[in-house]
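Notes for the one structure printed next.
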Amino acid sequence: MIGKMLTKVFGSKNDRVLKQIRPLVTRINDLESTIKPLGDAALVAKTVEFKERIAKGESLKDLLPESFAVMREAASRVLGERHYDVQLVGGIILHKGRIAEMKTGEGKTLTSTLPVYLNGLSGKGVHVVTVNDYLAARDAEWMGQVYDFLGMSWDKIIHGMDDVERRAAYAADITYGTNNEFGFDYLRDNMKFELDDFCQRGFNFAIVDEVDSILIDEARTPLIISGPAEMSTELYDNINSIMYNFKVEEHYTVDEKARTVSLTDDGIGLGEELLDLENLCDPSSIEQLHHLNQALKAHVLFQRDVDYIVNDGQVVIVDEFTGRTMEGRRYSDGLHQALEAKENVKVEQENQTLAAITFQNYFRMYDKLAGMTGTADTEAAEFKKIYDLDVVLMPTNQPMVRDDYADVIFKNEDAKYRAVVREIAEMHEKGRPVLVGTISIDVSEKIADMLTKAKVPHEVLNAKQHAREAEIITAAGQVGRVTIATNMAGRGTDIKLGEGVRELGGLHIVATSRHESRRIDNQLRGRAGRQGDPGSSRFYLSLEDDLLRIFGSGRVSGIMDKLGMEEDEPIEHGMISRAIENAQRKVEGHNFDIRKHLLEYDDVMNKQREIVYQQRYEVLAGADVSAEIQEMVNDIVRNLASEFSDERLDSLDWDWAGCLERLQEAFSVQPEWSEETRTDIKFEELRDLIAGVVAQKYREQEEENGADTQRQLEKILLLQVVDGLWKDHLLSMDYLKEGIGLRGYGQKNPLNEYKREAFQLFGHLMETVKSQVVSSLMRVRVVHENDVDRMEEERRRRHEEEMQRIQALVPAGNADEEHQQPAHVDKIGRNTPCPCGSGKKYKKCCGKLS
């Protein structure tokens, strides 16, 4: 109550932010009279002037009014589009590193040019991030005309480009691309062996278009580069063949809210019987239990044409939020293989992680981050907590006149769909275009069949018809057009009204259910009523919808029964609307908790990744790593001396045989120490004794190999050992995370346990790196002078081939999966035939050189 009164007196926080910006907008407008009379050459010269002023120490903040005025005039001359005042406000919000919520049709793409131009003047690079290649290419080429005019370099990153093209694109002042391409390029760069091969040049400023889709919806999806694990796929088919025996409630239970399925005791017993196992819960049977659980998920939780489609003998994931297919993406942890077995298509090998990062941690690397979307306010708390981004609601240039009608609720789905088709037919008869929003492919096809029977012409846009997406959406505002779109497919493309449609009432939105998130519902509504156009929307619901069935109250159904309502009789009631909104809030809160929880775990992994990648970068950047090698040697020597000296005993009784054996393992040396040498010595003396032997061995080796060759060998071995052990460490971390939840049963905090054990694993990784690098270095021999060059040349050639193969396999477009099923990109397996054509296994051929 008091909060509402204060808001009335002082205005909301959003109002205060906008009020602070207005004087800046006035200054930009005042400069128009100075900028407008300039000739083209004088306007272009402003870019050079701005760069010189920055070089002399002037800040971007000081340049903002004049640079915005220059960009506005340039856009007007080149594109014939002048930035509105609200777009100036949006540009200022973005420059300040905030999220601008701008309604559909308000010109987000044009707005972004203002901060992009200003920040591009610094020469440090600006990344404009979009959700798919089509939008990246479209926006880059469209706005690139203005950047060209002003003398700014720009480029785009799209799927299929090679490293030379990517390096050139990142070197530009302004780079457009998708979140996937930026993220995968970061991972690929950190798998390379030369700094000159890196594509990216830093993380200065990023503007994320459709920021809610990328930073919220896809936050649960790590980007992963992976290689095939060395295991058979036969077990997937064997497990799949017995799944028909398992019955719900008797053998397994389903929690639809948590989206989990669990075996009962009877289910475990049935599994033991069918798989001929004595104890399915025994550690020796852990693989069979894991496969059985994944097969249950595949059969019970994942639906064909909802969660995935089968296309050309492949299981292809369907994005939950956009309805787009994600070619090349695979669920992890054996789930994708279980789906392949379920659908009776070829079961591919499982994957092992080689490099991974979440979008949350990737985008937090930028010095400044900003975003644009039509729907962010419902997730403002999450943006602030996770990314420290404030959301500012932008006023529309024209008043919003769309009519959002009350929800209509039916007892069952059949009645709901009949009502939907009736409304579409009525609107079509009037000539009004209709956009029908569905949550899955099967619903879109059901509505399409019903419309065909009703003789209403229509277009269907879902994962099966994604190729014509932009074309279908662009035409959706024409007279009498009916378009069925799954999960906001076509987002990013404006629906412009055809001739005469405004007079008919504009675009009408019909939604066949509510999404779990209010934000997705608002996105669908926002397709109508752009830039002051008329329009309307209505949501059709039934008590059988998943949202109401799983999260809603059973009281709603009871009320409808007591009222004696007929099947085709709808109800509109405030209590039901509140129940729906409460259900959505529950789901949003639940999903936020999941993302926050996952980030807490990923932050542990992220710290380790930063350390390894930074050390790797320093090795690549330095010509000489001998100081690091010497430090490793000193640590190993110190540990050896500590292990084999025991000052409670006479030094002659120490384990000298064990010490000599370990010296042979670690340094490939076998000193012959006399009894006199071993008499009455202490820890420090043993340490110096070992250090002397090792130093002598190292000097001899350096003399034999030559100093330059030795430095080259040190770098090669250090990088190869780090990369190999990092891959194994990622696998260990995957196993740790998978089982850590069980610690809760032992009254321990799983997150604290994960942090503790992850720290131990990382410590072990660092020690193993030291021992393997030093051991390998002490054993290597150069027979011919050009051996190292030949080894380096072969390694570089093979590495380039692998990176090209990874590049070719990285999928284009959008990406999103459940949080436990990341995206993968394949790499050569150790046991697969070597790509050089020798006929040998990869690990026995070119793999040895890596």
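Yeah, the Cβs are placed from backbone N, Cα and C, and that goes for glycine too.
Among the features that Swiss-Prot reports, ATP binding site is placed at Gln87, Gly105, Glu106, Gly107, Lys108, Thr109, Asp494. Residues within less than 8 Å, Cβ to Cβ, of Glu106 (ATP binding site) and separated from it by at least 6 positions along the same chain comprise Val86, Gln87, Gly90, Met394, Thr396, Asn397, Arg530, Gln531.
What Swiss-Prot records for Cys834, Cys836, Cys845, Cys846 is Zn(2+) binding site, and it gives sequence analysis as the kind of evidence.
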Residues satisfying Cβ distance under 8 Å from Gly105 (ATP binding site), sequence separation of at least 6: Asp494, Arg530, Gln531, Asp533
Record lists Gln87, Gly105, Glu106, Gly107, Lys108, Thr109, Asp494 as binding ATP; longest Cα-Cα distance in Å? 17
Using the centroid of the Cβ atoms of Gln87, Gly105, Glu106, Gly107, Lys108, Thr109, Asp494 as reference, list every other same-chain residue with Cβ within 8 Å of it (recorded ATP site), in sequence order. Met102, Thr104, Leu110, Thr111
Look at the binding-site residues Gln87, Thr109 and tell me which residue has the greatest number of other C-beta atoms within 10 angstroms of its C-beta. Gln87
